[in-house]
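Asker: According to TrEMBL:
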TRANSMEM  B:16-37  transmembrane segment
TRANSMEM  B:57-79  transmembrane segment
TRANSMEM  B:91-109  transmembrane segment
TRANSMEM  B:129-151  transmembrane segment
TRANSMEM  B:163-187  transmembrane segment
TRANSMEM  B:193-218  transmembrane segment
TRANSMEM  B:238-256  transmembrane segment
TRANSMEM  B:276-298  transmembrane segment
TRANSMEM  B:310-334  transmembrane segment
TRANSMEM  B:367-385  transmembrane segment
Amino acid sequence: MSREKQQGRREFLKTSAAAAAVTIAPGVMLHTLSADAAPRTEPVTDKVRWGMLIDANKCADGCTECVAACDKENGLDLVDMPEGADPSLWERQRPRWIRQVKLKDNLSGRITNLPMMCQHCEEPPCVDVCPTGASFRRADGIVMVDRHICIGCRYCMMACPYKARSFIHAEVAEKLTHTPRGKGCVESCNFCVQRLDNGESTTACQEACKHQAIVFGDLNDPDSAVSQALKKYPSVQIRADLKLNTGVRYSNI
Amino acid sequence: MKKTHFSEWGIESPRYWGMLAVLGAIVAIAGGAVFYMEHNGHWVTGMTNQVVWGIPHVFAIFLIVAASGALNVASIGTAFDKKIYKPLGRLSALLAITLLAGGLAVLVLDLGQPGRLLIAMTHYNFKSIFAWNIYLYMGFMGIVAVYIWFMMDHRMKPYYKPVGVLAFLWRLILTTGTGSIFAFIVARQGYDAAILAPMFVIMSFAYGLAVYILVLMFAFKVDGRDIGYAIQRRLKNLLGVFAAAVFYFTLVYHLTNLYGTENHAYEAFILRDGGIYTLLFWAGWVFVGCLLPIGIVYHPSLGKTRGGLIAAATAVILGGFATMYVIVIGGQAFPMAMFPGKTIVASGFFDGVNGQPMLYSPTLAEFLLGIGGVALVLLLTFIGIRMLRFLPNSLSDEVADPHYTKS
Amino acid sequence: MTRKSVIMFLAASIAGLFISLVSAQAGEAVEGTAKADKLEQCVEPTPVMRRNHFEFIQHQRDLTVHEGIRGSKYSLAGCVDCHARKDAAGKAVPVNAEGQFCDGCHDYAAVSLKCFECHRTVPGEK
């Protein structure tokens, strides 16, 4: 029910944006929009590199809106605990794409909150180790799993420095059309690839963040909001020592 | 030294079939456990999104490592021309194949999608050590099979040595590859050390030889075949040297880790605060796996007995399992260092809150799968020695010892 | 018990089983409720689809997963969207349910149907 409501809201936002665009510049915008909003028909290229900047200062203590939005968008809330499972063990086995982490500085005691997810590395260790090539990096920088050839060895989970991946430990009864999911494969955040491929330009977590802590966009486009923000504020990569050139950056950790 | 004659394992049929039946039953139970785990999914195991490899991997990696080590006895005879080892070569090569088969079976049956094995054979990512290992394992089986053929077939005598040398080189690469599965993991503090690769080679020497000794002595004992002191002494001394080498590498591994401040937390975890991992490290890996066998082997009286050799080999194997547990599970239980200088005080995904290790409690099904792998190794080995001439008729001193003189 | 009565008993129970199976079927999907039921043909002529549908969706799956192409005429989501029937209450019936579009044929041809271990079996949530 709430899913439908949310979908409805998104549709509404899209159509109202389109209407606004049409009134401002009828000829040009109409063309761009129709090309943009339709499902993609050309292969993705490396002209775009999707990325994120997360401002830990803005990320609020105790807020889990982004986590809930991700669960809903990607059908993670549909993954039920199997009958007879131990709830505390199941908590460690259920999939999570994004999580809230609260840090305390050992010296100053300063508290920081931030969301952690797949960092979409340019040199992803998970892709290096995958025996079948199921773990791969798309031309536009999104690191994802091709479930059709994932054999469930979990070597990528051993190799990921961010603990970003989940293994599907049980049968999944209900799944969404755009996020297939089955027992025995590994998965992780894919920057809501189904949205991007259908012409949208936000992720569920960014859209859900009331505090504007997440800026998402094309790192290769100097005019994009994320590039502008990265230029303006100092930011870091988590485990920068590994030189993975992550697509997700953080400021004010 | 007399010419060695080989013959099939000659124990009475009821005994042979009885052993096969027991081993077959254990394998069948393991098959049931696999069906249970695959049917339900991995939630029925203790493995989680934090500890992704569990007991099956401990067994599988032990068996795979032991497989390459089991070939050593043959290699010493062939590649290094030690005559006394030559009669021991056939069983050594057979064990190398069966141990590898058992280990791979466990590894494959724990996959999330074991039915997609064909994909693993047709889709390769050549940057992956795992993918290389698939080639290394298959190649190893093929080369060792040819090696056995050349050992058994007199017409192939001229080619026997080159194949033996190739098998020896191949097994070195193979174990390096297995060690590299861990050595190349930059993400985790406990791995990401080049020394893991040679350390795995040394461990394979010890574990493979220990398994070889036990199987050889059992097969000979029940068949009324004789093993003289000359052979026992060689095997015993070799085992002592290998156990000492494992100890040395363990020392170097942890001392180099202790030198770098970044590894102090991990070392404190394994050596002092890690609970089960600390216990298994000191009691299992170091004491039972290294010091105890060294003590037995070099003990002036105990070391000369048959029982002493059996005890030392058993200790090396038990210590080996403890070692694998500490490396495989302990390495994952230690929280990843994502935020240096900071403590994680809350997390929605078990990131090691306040430095707490990840929990892992294995379930029965996981153990049954691992034990089934061991049973499969013995089953295949027993069938092999029954069907073909792997065992020398006698290894008594007058047959085996080149320096034997009748007194 | 005579032989005749045994035969009668068996015949009666088989007939009962058959009737209950048929009636259970009828209670589920209603014929003519799938979008495909109202169309002349699929995205290709029927014989082509019968022979090649797997090639089409397997090729498309790689394009979608690796290159992000979602706007082409072949897609598994399209199969499900068009071929799923509805029950009397208007609720979609899974295409892989017994006797339904995908299952009926795959069962007859004894070809395993792996898609729906992961993919959704009823039209999407749009």
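Cβ coordinates come from backbone N, Cα and C, glycine included.
Describe the structural context of each listed feature in the structure shown, including burial, neighbouring residues and relevant distances.
Answerer: Outside the transmembrane segment (B:16-37) by six or more residues, the chain places 9, 44-45, 109-110, 364-366, 368-369, 371-373, 375-376, 378-379, 382-383, 386 with a CB less than 8 A from a CB of the stretch.
Away from its own ends, the transmembrane segment (B:57-79) comes close to residues 85-86, 88-93, 95-97, 99-100, 102-104, 106-107, 110, 137, 140, 144, 147, 151, 160-161, 164-165, 167-168, 171-172, 174-175, 178, 200, 203-212, 235, 320-321, 324-325, 328-329, 369-371, 373-374, 377 of its chain (Cβ-Cβ under 8 Å, at least six residues beyond either end).
Remote same-chain residues near the transmembrane segment (B:91-109) are listed as 34, 38, 56-57, 59-64, 66-68, 70-74, 117, 137, 140-141, 144-145, 147-148, 151, 167, 171, 208, 211-212, 215-216, 219, 369-370, 372-374, 376-378, 380-381, 384-385, 390-391 (criterion: CB distance under 8 Å, separation of at least six residues from the stretch ends).
Among residues of the same chain six or more beyond the transmembrane segment (B:193-218), those with a C-beta under 8 A of the stretch's C-beta atoms are 62, 65-73, 88, 91-92, 95-96, 99, 171-172, 175-176, 178-180, 182-183, 227, 235, 238-239, 242-243, 245-246, 249-250, 252-253, 256-257, 289, 306, 309-310, 312-314, 316-317, 320, 323, 327, 378, 381.
Sequence-distant contacts of the transmembrane segment (B:238-256) (same chain, at least 6 residues past either end, Cβ-Cβ under 8 Å): 193, 195-196, 198-199, 202-203, 205-206, 209-210, 213, 267, 270-271, 285-286, 289-291, 293-294, 297-298, 309, 312-313, 316, 323.
Long-range Cβ contacts of the transmembrane segment (B:276-298) within its own chain (Cβ-Cβ under 8 Å, at least 6 residues beyond either end) map to 206, 236-237, 239-240, 243-244, 246-247, 250, 269-270, 308-309, 311-313, 315-316, 318-323, 325-326, 329-330, 333, 357.
Taking Cβ pairs closer than 8 Å, the transmembrane segment (B:310-334) reaches residues 50-54, 57-59, 61-62, 65-66, 182, 188-191, 196, 203, 206-207, 209-211, 213-214, 217, 236, 239-240, 242-243, 246, 265-266, 269-270, 274, 277, 280-281, 283-290, 292-293, 296-297, 352, 357-360 in its own chain, all 6 or more past its ends.
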Asker: Do any residues of this chain, six or more beyond the ends of the transmembrane segment (B:367-385), have a C-beta under 8 angstroms from a C-beta of it, and if so which?
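Answerer: For the transmembrane segment (B:367-385), the list is 8-9, 16, 19-20, 23-24, 26-27, 29-34, 37, 55-56, 58-60, 63, 91, 94-95, 97-99, 101-103, 105-106, 109-110, 215, 219, 391.
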Asker: Within the same chain, where does the transmembrane segment (B:163-187) have neighbours whose Cβ lies under 8 angstroms from its own Cβ atoms, ignoring anything closer than 6 residues to its ends? I mean 6 or more beyond.
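Answerer: Answer is 61, 64-65, 68-69, 71-72, 74-75, 77-79, 89, 93, 96, 129-130, 132-133, 136-137, 139-140, 143-144, 146-147, 150, 193-201, 204, 327, 331, 336.
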